[in-house]
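Colleague: I have a structure I would like to understand better, so I am pasting it below and will then ask my questions one at a time.
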Amino acid sequence: MEKVLSDKRIITLYVLPGLLLIIGLIYVPIIQTAYYGLMKWDGIGAKEFIGLENYKTLIKDDIFWKTAYHSFLLAVFSALSLIIYLLISIVLAGKIKGADFFRKIYLIPMLLASVAIAQLWLKIYHPTNGILNTLLGSFGVDNPPSWLADPKIVLYAIFIPILWQYAGFYILIYYAALKNIPESLIEAARIDGATAWQIALKIKIPLIMNVIKVTIVLAVVGSLKYFDLIYVMTDGGPNGASEVMASYMYHKAFRGFDFGYGSAIGFFLLVICLVVTWLIRKLTAAKEEITY
Amino acid sequence: MKTEAKQRIPSVSVDNRLEVFSHPAMQKASKGILYVILAIVAVFQIFPIVWLFLFSLKNNQEVFNMSPFSIPTDPKWENYAKVWTEGNISQYFLNSVVYTVAAVILTVILASMVTFAITRMKWKLSNLALGLFMVGLMIPVHSTLIPLFSTFTAINLVDNPLSVILSYTAFNLPITIMILLGFYQALPREVEEAAVMDGASLNRIFFRITLPMTSPVIATAAIINMIYNWNEFVFVNTFISSDQYKTLTVGIQNFIGQYTTDWGAIGATLMISILPILLAFLILSNRIVEGIASGSVKG
């Protein structure tokens, strides 16, 4: 049996197609991105090697740092929203009838295309016929802000659909983790006189800390990659107030035809994603594994 | 219920103040508040979609002159018929179906083969191969976009459905393998090992035994893939320029650009684009929940 199960021919036949695809379409392009980042290139003509020139420009590019700051803000908002999701999940995972129904309802926005979500929220934010301003009007707010046209507000306005879209995803993850906690542990704490609040804070949250860490990574790295929603809702506007790293890269390369500079941004984005993933894991590394 | 709670409170001594909260009536009241909170969240999550459905059935007169919350008195189903026949929506829809189905089948088969080789066969580099697939989960699509575009241009695959299908497959392989992996590892190997003993070939074992035995997780992986592919935007937006090859996500962008003031048409277009996902959710919600959970936190 050993011999059959280590048949090199079969292993190659089974692994190679998938491996070639991810090497060809994910890993080789990353190396190319790093390489193109050293070029002056309009995407059509010849590439001209200019060394680290694009990266020097990048470091001095105020607009790039503004987009990085926007991405950073969205990452912070996303991480903070995890607290809300966690609280809802703790409520949901208590003895709630219909918990399954609720978490499924919450999940629906997450299944829709970001493009459709963006179009829908453009309508929700519509100055005269959207539901938001109509609702505010009925509460007596006659002069609501122009949500997506005001550079000071636009990033917050864009974050609301993001909050809406991902709520069900994180609640689902937390709910599953909370349901995995043995009931006996919680029962024991209850008998000892712990309040529901204490049980949540001192028992439930520490026990699912590993899952919480993973969700922090997912939320932060995910928000560094936001593109579709912003591209459709504001296209980075007004005047760059909602431009993020991914959309800036896209605009530089596919509209400005500066593929060399776009590649430098793309590579920078990759490095940031990997570093942030590593950093969060390091910072939140468990001192000891929790086992029940 | 409330009066009952009030009557009890004075009789509780100061030392036992906390006992008030464990009084059944009090517990019922706080549970009630929790339900109200959960229900508000549910309304926040679901209402925008209901509202979309409402305005997809209105004409502009109703949209601009009546409350956005009003129910359309005379539902304009013709909005759907109009966008379906005008403006390529049926073509985009068909393309979305074809790309989604092709990529799902390709991804699930390739991922199953890889997972089979990694969990069932013995080879030195299996951990390295698995590592390559798993690291792929962390790579942002945008960091690969420019080289993919230039490579597809060089080999004449730009503006060709194949570029989209191959990209979907490559970028979904990692998460699909991740979903399959847990199931394969938990699945007893006895049946497969017995077949090896009986002298069956590995190909036969994979196609006749392993694939059928893993069909529940294949269904889960397939539905997750379907959702991802159906909703994908940036690959199609970058690689495809002809209208005849565009998918719904990109197509509705153009279409809505032309119809910026016709809310009914926009609503109907968006409803058509999300309907397959909503239907899949209605029928397969358990599988979707399971797939999202197993594809996200096993790290």
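Cβ coordinates come from backbone N, Cα and C, glycine included.
What TrEMBL says about a protein is an automatic prediction, not a curated fact.
Keep in mind the model is a prediction, meaning the values are calculated, not measured.
Taken from TrEMBL, the feature transmembrane segment covers A:12-31, A:72-93, A:105-122, A:153-177, A:207-227, A:259-280. Marked as domain 'ABC transmembrane type-1' by TrEMBL: A:71-280.
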Colleague: Counting only pairs 6 or more apart in sequence, are there at least 3 Cβ pairs under 8 Å between the transmembrane segment (A:207-227) and the transmembrane segment (A:12-31)?
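Modeller: As far as Cβ distances go (cut-off 8 Å, pairs 6 or more apart), the transmembrane segment (A:207-227) and the transmembrane segment (A:12-31) do not touch.
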Colleague: Residues of the same chain, at least six outside the transmembrane segment (A:72-93), with any C-beta under 8 angstroms of its C-beta?
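Modeller: Non-local partners: 99, 102-103, 106, 155, 158-159, 162-163, 166-167, 170-171, 174-175, 178-179, 200, 204-205, 212, 215-216, 219-220, 222-224, 226, 244, 276.
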Colleague: Is the transmembrane segment (A:12-31) in contact with the transmembrane segment (A:105-122), using at least 3 Cβ pairs under 8 Å (sequence separation of 6 or more) as the test?
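Modeller: Touching, no - the transmembrane segment (A:105-122) and the transmembrane segment (A:12-31) miss the threshold of 3 or more Cβ pairs under 8 Å.
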Colleague: Taking a Cβ cut-off under 8 Å, which residues six or more beyond the ends of the transmembrane segment (A:259-280) line up next to it in the same chain?
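Modeller: Contacts of the transmembrane segment (A:259-280) (Cβ under 8 Å, skipping residues fewer than 6 from its ends): 30, 32-43, 47, 50, 54-55, 57-58, 64, 75, 213, 216-217, 220-221, 224-225, 245-246, 248-250, 252-253.
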